[in-house]
Amino acid sequence: MFLRSLNLCTILLFLAISSQVSQSLHFELQSGRTKCISEDIKSNSMTVGKYTVVNPNEAHPSPQSHKISIRVTSSYGNTYHHAEDVESGQFAFTAVESGDYMACYTAVDHKPEVTLSIDFDWRTGVQSKSWSSVAKKSQVEVMEFDVKRLIETVNSIHEEMFYLREREEEMQNLNRATNSKMAWLSFLSLFVCLGVAGMQFVHLKTFFEKKKVI
């Protein structure tokens with residue numbers, strides 16, 4: 001009973017975090033076009049990706065038109081993976097910087113234009129680890145395996161919460177700075193308006209005095 005409860009808890013937590021750290025996509029790309037996919041990754045997180053151009057005719061080799069170039073970069077412009085004129089490939093690295101990482105695909109230019117179908121699987125954190133490779137020989141080892149996976153999942157959730165808190169603080173600081181600038185701009189606008197109104201008043205007063213209206 002305990003083992004079933006533990007397994008259920010593990011699965012629920014694992015599914016909860018999987019939606020945030022895993023992308024399995026299928027998309028289309030025309031010849032000569034570029035499409036980018038982003039993933040928000042925190043520093044020191046392991047990330048792996050695998051991409052494949054779908055062969056329209058599996059009985060024959062892929063045509064030359066079904067080639068792509070890919071470049072994976074961080075928000076700071078650092079390149080973590082680059083490949084030219086390939087049908088498939090994979091990448092794996094540990095993120096040094098926190099932020100949005102971009103995987104940009106470019107289909108080779110071809111006339112007439114063709115449409116490529118691409119399968120892309122991008123996993124980060126717990127999902128990047130191949131848990132299926134762990135051998136299980138007895139009930140004790142099964143429980144140990146589940147506990148390890150649960151610990152990894154909880155740690156990943158904990159790190160994700162701290163990361164989101166840091167991003168929230170950054171946004172709050174940005175909002176405070178923006179509000180402060182807007183306040184100073186409002187005061188400056190008010191000062192300019194009062195100055196212009198004062199100059200208009202002096203000008204009109206002088207004008208009417210010369211005309212002996214007042």
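Residue numbers in this text run from 1 along the chain shown.
Backbone N, Cα and C define each Cβ position, glycine as well.
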Please find, within the list 38-51, 66-79, 108-121, 164-177, the residue stretch that Swiss-Prot describes as coiled coil.
164-177
Please give me the CB contact count at 10 A for Arg167 (omega-N-methylated arginine), counting all chains in the structure.
14
For a three-state summary based on DSSP, what are the helix, strand and coil counts in the domain 'GOLD' (34-149)?
18 helix, 56 strand, 42 coil
